[in-house]
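**Student:** What follows is a single structure, and I will ask about it in a moment.
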Amino acid sequence: MKLNPHVTKLALFDIVNTPGVAADLSHINTPAKVTGHKGADQLGDALTGADIVIIPAGVPRKPGMTRDDLFNTNANIVKTLAEGAAKHSPKAFVCVIANPVNSTVPIVAEVFKKHNVFDPKRLFGVTTLDVVRASTFVTDIKGGDPARNKVTVVGGHSGVTILPLLSQTEHKFTQEELEALTKRIQFGGDEVVKAKDGLGSATLSMAQAGARFANALIKACKGDKTVVEPTYVKSDVVPGLEYFASNVELSEEGVGKIHPLGTLSQYEQKLLEAAIPELKSNIAKGVNFVKGN
Ligand SMILES: NC(=O)C1=CN([C@@H]2O[C@H](COP(=O)(O)OP(=O)(O)OC[C@H]3O[C@@H](n4cnc5c(N)ncnc54)[C@H](O)[C@@H]3O)[C@@H](O)[C@H]2O)C=CC1
Ligand SMILES: O=C([O-])CC(=O)C(=O)O
């Protein structure tokens, strides 16, 4: 089952109010038609025939909230859009930005399973912003070009589930630097929420990150075999965790080879152990939400 060599239609929710993503995607070198919808009645029109569905729709955090606190509202929004995609564009690549990503990705998977159209290679949680932040914060300390200061970030997309593998960079860090950097990368989203003081979270950098991921997917669909991006997908990299973010080779089928974690330092091993129970519970929450409804 292959996607058209040229992506022809991209459905983006909610395009009307997410101008950043739309603007960034307008630079994509593809004749793709970008659609959105203004209400449930237009959902079918927007989705029919879409090759890629991007879901940024959902409420953002306010200071003091965790991403999981968004579950009650966003789970329903994502479930509704997933139902639309399962019915109208079951073969599309679905990229989930709406939080809590650790749970909203399993929600989409369960909806697709209910409709017998689930293909794990075609579902992605967008965690690009974590690597963008990691590269930026490492550059703040070590200098150089953030585009070349690549940091592998694995796990999930919230607090302690975000695991930057700083031991795999070319830099040496003191333990103090490691702890400060790790915390900043894990809670970078909280810094933005606090700074925006009730006006939302990282909207524009999310738009840029979403566009970067969609562009990568489109490049892979056009046959580029060198595209590797971090993303939260169905994975068996960590036993017992059905979904996990790590570097993934993208192909015309979607998820290609999922890279293994590589060697972890003792410190990173501890971070992983701390992340596992939270990630497990976030995943179960998403799965049970669909199974129980
Ligand atoms: N994965 C990531 O890296 C990131 C994820 N996020 C998440 O993205 C989501 C959106 O954040 P922002 O764009 O900053 O919020 P926002 O409040 O600026 O925009 C949310 C949009 O969702 C739309 N919406 C709400 N219900 C909808 C529905 N039922 N159908 C279609 N559209 C609907 C609203 O009209 C609004 O335009 C939040 O859940 C936020 O936590 C934000 C930053 C990074
Ligand atoms: O922190 C938030 O709520 C939004 C988000 O996911 C991020 O900025 O990484």
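Keep in mind that glycine also has a Cβ here, set from the backbone N, Cα and C atoms.
Heads up, here are the entries from TrEMBL:
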DOMAIN    2-125  domain 'Lactate/malate dehydrogenase N-terminal'
BINDING   ASP14, ASN74, ILE97, ALA98, ASN99, MET206  NAD(+) binding site
BINDING   ARG61, ARG67, ASN99, ARG133  substrate binding site
DOMAIN    127-290  domain 'Lactate/malate dehydrogenase C-terminal'
ACT_SITE  HIS157  active site, proton acceptor
**Student:** Write out the long-range same-chain contacts of the residue listed as 'active site, proton acceptor', meaning residues 6 or more apart in sequence whose Cβ is under 8 Å from its Cβ.
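**Tutor:** In sequence order, the residues whose Cβ lies under 8 Å from that of the residue listed as 'active site, proton acceptor' (at least 6 apart) are ARG67, ASN99, PRO100, VAL101, ASN102, GLY125, THR127, ASP130, TYR232, ALA245.
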**Student:** If you average pLDDT over the domain 'Lactate/malate dehydrogenase C-terminal' (127-290), what do you get?
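**Tutor:** Averaging the confidence scores along the domain 'Lactate/malate dehydrogenase C-terminal' (127-290) gives 95.
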**Student:** Other than its own, how many Cβ atoms are within 10 Å of the Cβ belonging to ARG67 (substrate binding site)?
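**Tutor:** ARG67 (substrate binding site): 26 neighbouring Cβ atoms within 10 Å.
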**Student:** Can you give me the Cα-Cα distance between ASN74 (NAD(+) binding site) and ARG61 (substrate binding site) in Å, rounded to a whole number?
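**Tutor:** Cα to Cα, ASN74 (NAD(+) binding site) and ARG61 (substrate binding site) are separated by 11 Å.
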**Student:** For the substrate site made of ARG61, ARG67, ASN99, ARG133, how many Å separate the two farthest Cα atoms?
**Tutor:** 18
**Student:** Check each residue in the chain of ILE97 (NAD(+) binding site) that is at least six apart in sequence and keep those whose C-beta is under 8 Å from its C-beta; list them in sequence order.
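**Tutor:** In sequence order, ILE54, ILE55, PRO56, VAL126, MET206, GLY210 meet the Cβ cut-off.
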